[in-house]
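K.L.:
Could you have a look at this structure, given as structure tokens, before my questions?
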Amino acid sequence: MSRTPLDTVEHATATPDVELPWAELGLKKDEYERVVEILGRRPTGAELAMYSVMWSEHCSYKSSKVHLRQFGEKAPQSDAMLVGIGENAGVVDVGQGYAVTFKVESHNHPSYVEPYQGAATGVGGIVRDIIAMGARPVAVVDPLRFGAADHPDTKRVLPGVVAGIGGYGNCLGLPNIGGEVVFDACYQGNPLVNAGAIGVMRHEDIHLAKASGAGNKVILYGARTGGDGIGGASILASETFDDAKPSKRPAVQVGDPFQEKLLIECTLEAFAEKLVVGIQDLGAAGLSCATSELASNGSGGMRVTLDDVPLRDSTLSPEEILMSESQERMCAVVEPEKVDRFLEICDKWDVIATVIGEVTDGDRLEIFWHGGKIVDVDPRTVAHDGPVYERPYARPDWQDALQADDANKLPRPGTSDELKAQVLKLVGSPNQASKQWITQQYDHFVQGNTVLAQPEDSGMIRVDEESGLGVAIATDGNGRYAKLDPYTGAQLALAEAYRNVATTGAKPLAVSDCLNFGSPEDPAVMWQFAEAVRGLADGCLQLGTPVTGGNVSLYNQTGEAAIHPTPVVAVLGVIDDVARRTPVAFQEDGQLLYLLGDTREEFGGSAWSQVIHDHLGGLPPKVDLERERLLGEILISASRDGMIDSAHDLSDGGLVQAVVESALLGGKGARLVVPDGLDAFTFLFSESAGRAVVAVPRSEEVRFNDMCGARGLPVTRIGVVDGDAVEVQGEFTLPLTDLREAHESTIPGLLA
């Protein structure tokens, strides 16, 4: 961009014919023409930089916005919802004056280019979203997807991602309490690195991203601004990959968790002293986003002097300063008489802080550099009035053939020995095997409030030490189900996360989501996206769990090959007393095992069809959300009233996977009996939704059965906790030692 003379607003007005590199910055021709129309002149280089990042797919949701509106239009009535979609993160009331904020986001593309930094800064960004709401971060979760487990590139990407998440989270002193690790060839070259965080605050501590009050000062504080991450939102997060790994590296941000830790403490102290009017973290699009968002959400305008921004690299141009995505930075709006105290607190925590501007009583965002005005825009046009596309979408030609290729017709084991061999193969397959080698690199118990963490059904954190009030969070997604039917697949992800919260004894309250899809320019991908959003919105309405916010990640494809549609759903729940939680592990010999829900012949998209036959086809399991709700109520009541000592949801891998996990975690075996009307194969491997297996003390058997009967939930006694093997009567016996070897050796063997 031209540096001589400075491309001021005055210069831009006088030189209408100057060609600007709008295409290189990711804008389409008609989008550039719209900018010219809004301004009534050509943009300056700095204005072009701002519009290009803020109108990118990543920041503006221009392809997804028309569909995402359903989350608001179909939102269920919820007394718990305090802050919804549109802020940095959603906030829900969890009782006793406490509020919890939570959100899931993606850092997919940066994590492929630079796995460690991409994943680390993903954690840093989501944690700053939580701080910006006024909350103290208390935990993180990380739903991850990688290519085939035995592919050489997985061995490059996965260890870096895991080290980045662990390194950053551990340095912040935040326990990692949940997430998933899934392998599938469709994620080759497009790993999904989704990160979530939870924060806790009192109701009166909620803060919003708005700049109001003419004369109030705008303070930039945190790390210095450097050249890392420039154009990250427009370059990395809004494009597909085509053999351009090294050249994309400068667009990956570099994280410093110790700086972030200071930023957290500094910000929370400023909040405690009521010094902050409005606040915004600097994430995607950096200062371009923070200034335009704060100004457009407030009641006035803003004037900013870029010369006052503390730089790590003095050669940066004003355009680069506006686009930089350097990490660990925040922007606060502070009343003039409180500025000195705010700066004192920053100094105490060794955090660099500078007044870079002020709120004005107009409606313009004006930015100056070396005395010249280089930006003069209506901030709403930058932050909120970007292009909105109704992209064409169509059910793909191949969908019918895929659904007709019925997994229920695949060859099944013909003998007990074959059945036994397939059980061992399933529990030792990469997706069903223990992920302990990965999760042990994270600290689960720092801060001392972790109640449950991986491999439990959901992570659980104590919020109040005296009362035992706690929250649980589960994240789930199944790209295989969604590929077969995106509407049902999204609802199955929601149902599983809802169920995973309920099995621990917590009541599901609200949802955040991370929607990972291929290119929106492909009508088939756009159809998958539209169907998944419709399914999720309908499902949340039916379950009474509003969507509080989330993230869309598009362009997850290499060349023509898109990832499976992968909606990842996080459900947050509340429990009155964490002492009443229910774990996955079997607790005592002699306890009775009950299967809740109906088991049908449903193998489409199943772990069995993938592991044994390398097959994907047919229809995913049917979803009945009213039944899920009923199951949830019964699990919560049984947990609260001491009727069950362990509970585990049934999902990938079916009943046998759930029983093996509970047995290995508790070090206690199980003797199972195939119920009447089912064959052993369907009993063990079906992935019918809406089911859980629970261990009931004999003293509670009558009370538990009476409750299930009164509420109309099918319940079947299937066995007993006993011994040191998993035995299916009349079929096979598998010692826990053999199961442990199969279950726990796979991931270290592939990755260590």
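Glycine is no exception: its Cβ is also placed from the backbone N, Cα and C atoms.
Straight out of Swiss-Prot:
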type: ACT_SITE; residues: His58; note: active site
type: BINDING; residues: Tyr61, Lys103, Asp513, Gly550; note: ATP binding site
type: BINDING; residues: Glu105, Asn551; note: Mg(2+) 1 binding site
type: BINDING; residues: Ser106, His107, Asn108, His109, Arg128, Gln253, Glu325, Ser326, Gln327, Ser553; note: substrate binding site
type: ACT_SITE; residues: His107; note: active site, proton acceptor
type: BINDING; residues: Asp129, Asp281; note: Mg(2+) 2 binding site
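Tell me what's around each of these sites.
P.N.:
A 10 Å cutoff on Cβ-Cβ distances gives His58 (active site) a total of 26 other Cβ atoms nearby, all chains included.
Annotation for Tyr61 (ATP binding site): same-chain Cβ neighbours under 8 Å, separated by at least 6 residues, are Leu68, Val552.
Taking a C-beta cut-off of under 8 Å and a sequence gap of six or more, Glu105 (Mg(2+) 1 binding site) has these contacts in its own chain: Gly122, Gly125, Ile126, Asp129, Asn194, Ala195, Gly196, Cys514, Gly550, Asn551.
Counting every protein chain shown, the number of other Cβ atoms lying within 10 Å of the Cβ of Arg128 (substrate binding site) is 27. In the three-state DSSP scheme, Arg128 (substrate binding site) is classed as helix.
All protein chains included, His107 (active site, proton acceptor) registers 33 other Cβ atoms within 10 Å of its own Cβ.
Asp281 (Mg(2+) 2 binding site) falls within a strand segment according to DSSP. Every protein chain shown contributes to the tally, and the Cβ of Asp281 (Mg(2+) 2 binding site) ends up with 26 other Cβ atoms within 10 Å.
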K.L.:
Please report the DSSP secondary structure of His107 (active site, proton acceptor), reduced to three states.
P.N.:
coil
K.L.:
Any idea what DSSP makes of His58 (active site), helix, strand or coil?
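P.N.:
Going by the DSSP assignment, His58 (active site) falls within a helical segment, counted as helix.
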K.L.:
Starting from the ATP site formed by Tyr61, Lys103, Asp513, Gly550, give every other residue of that chain whose CB sits within 8 Å of the mean position of their CB atoms, in sequence order.
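P.N.:
Nearby residues not in the site list: Ile85, Val104, Glu105, Ser512, Cys514, Leu515, Val547, Gly549, Asn551, Val552.
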K.L.:
Should Asp513 (ATP binding site) be counted as helix, strand, or coil on the basis of DSSP?
P.N.:
strand
K.L.:
For Gln327 (substrate binding site), what is the secondary structure state per DSSP, taken as helix, strand or coil?
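P.N.:
Where Gln327 (substrate binding site) sits, the three-state DSSP reduction gives coil.
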K.L.:
Of all the Cα pairs drawn from Ser106, His107, Asn108, His109, Arg128, Gln253, Glu325, Ser326, Gln327, Ser553, the residues the record ties to substrate, which distance is largest, in Å?
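P.N.:
Answer in Å: the longest Cα-Cα distance is 21.
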K.L.:
Counting other Cβ atoms within 10 Å of each residue's Cβ, which of the binding-site residues Ser106, Asn551 comes out lowest?
P.N.:
Asn551
K.L.:
Pop the Cα-Cα gap between His58 (active site) and Ser106 (substrate binding site) into the table, whole Å please.
P.N.:
10
K.L.:
Please work out which residue of Asn108, Gln327 has the most C-beta neighbours within 10 angstroms of its C-beta, and give that one of the binding-site residues.
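P.N.:
The residue with the most neighbouring Cβ atoms within 10 Å is Gln327.
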K.L.:
Do any residues at least six apart in sequence from Lys103 (ATP binding site), in the same chain, have a Cβ closer than 8 Å to its Cβ, and if so which, in order?
P.N.:
Asn88, Ala89, Gly90, Ile126, Asp129, Ile130, Gly196, Ala197, Ser512, Thr548, Gly549, Gly550, Asn551
